[in-house]
């Protein structure tokens with residue numbers, strides 16, 4: 001246990017003190033924020049304004065939509081960056097040095113997963129605080145204590161999903177070169193696959209299906225539902241229910257697959273079963289890799 | 001095979017073996033952005049030591065390797081020699097019974113190499129630690145108790161440095177004659193095989209005393225001479241060439 005904690009602490013220090021690495025892990029998020037500030041926010045507000053009157057709540061609604069997307073992306077990009085330490089350790093033979101001590105390969109592997117999880121949690125929590133301040137500063141309201149706890153729980157679940165997802169991916173990676181390619185691909189694809197750059201409704205149907213089958217996008221969906229709950233009521237109070245439903249489908253608050261709308265519970269099931277499946281697969285791959 | 005009394009490849013002995021050994025790798029493997037102290041303590045916590053035991057060990061080894069001036073510095077900012085000191089301290093943190101060093105002095109300046117060597121030697125003498133060292137520097141092998149020469153993973157020679165020198169190395173004598181022709185005649189008359197380079201004749205001698213006997217005979221012909229003792233370098237070269245003195 002002592003050895004495991006020591007390893008996790010060490011990975012964490014190594015990650016935190018590498019400022020460039022931290023910056024690059026947040027790069028895709030920074031890009032979203034810039035895109036949003038420059039034109040994405042205005043595009044969305046304009047689009048919704050065409051069907052209803054603009055209110056201050058509308059800006060908040062759109063901001064909350066962004067925040068939900070950002071938080072789901074941060075979980076993935078920071079946990080992936082944390083696994084970068086694992087790849088670097090293998091390549092630099094630091095892992096070989098650890099193995100001269102009486103700790104097992106599996107302990108080392110597990111320490112990297114734990115580190116990814118903690119790193120993801122810390123960054124997600126900080127991001128959540130930052131997002132809340134942003135929402136309130138732009139005219140929104142604080143989450144109630146109960147909602148806040150639920151969002152924190154949901155974030156932890158999404159970080160757990162991101163951790164096993166990235167563990168699974170990095171098990172196929174041997175070198176730092178390959179890892180940086182992987183990071184670039186994930187960083188680029190993530191914004192699309194979570195429907196953050198472009199609302200899902202604006203995409204052709206095959207792309208929509210791709211997003212719906214991408215399990216991490218379900219955390220985005222759930223986060224949107226939590227963050228936007230109150231604003232949705234306020235913005236759509238004078239509109240017909242069909243307008244609200246159309247908005248929810250268009251902006252990925254609910255997925256509609258083969259004519260049926262997926263429930264919140266369905267998204268939870270997708271997330272939890274993906275976690276279980278990827279964990280099992282990772283263990284299998286890990287065992288095959290090491291005799 | 002047994003290591004420190006534990007059987008290699010026996011599952012229940014695995015941890016005991018790793019607790020008994022320390023390995024200094026050829027490359028520096030500590031974390032650049034952690035301080036020397038953090039590096040050593042983090043890796044030290046991987047061993048089965050109590051907190052107080054770890055602290056005591058750290059006190060002991062860091063003093064031994066003179067870490068006081070660098071322990072708060074980031075490992076990445078250290079010079080090659082300082083890094084090596086930190087590496088060795090990390091390896092000794094659990095006070096292993098057996099220390100493996102993989103070419104520890106490669107790429108170090110002569111002064112640091114000396115320091116590394118003295119430290120290892122002193123440790124070995126004071127703590128009775130067994131030291132395994134792989135090296136390409138034959139001068140390092142000279143101070144060992146036992147030398148094993150490997151070729152393609154197979155042991156091809158083994159023994160104390162003295163025994164190996166006797167078996168594989170030989171002393172050389174370089175001779176310069178007043179008159180080249182006279183000297184040449186004398187060498188031929190003695191039945192000595194020689195090589196010549198710039199009027200300097202090199203011959204192989206069995207021992208220093210053998211050299212003395214020859215020198216007495218040829219005294220009047222000689223302008224100068226030099227006797228070169230066989231070294232571990234010669235031992236290595238001869239073993240690799242498969243040739244016995």
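Just so it is clear, glycine is given a Cβ too, placed from its N, Cα and C backbone atoms.
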Range annotated as transmembrane segment in TrEMBL, from A:42-64, A:65-87: A:65-87
Stated TrEMBL location of transmembrane segment, expressed as one of A:21-39, A:211-229: A:21-39
TrEMBL annotation (transmembrane segment) - matching range among A:113-136, A:233-256: A:113-136
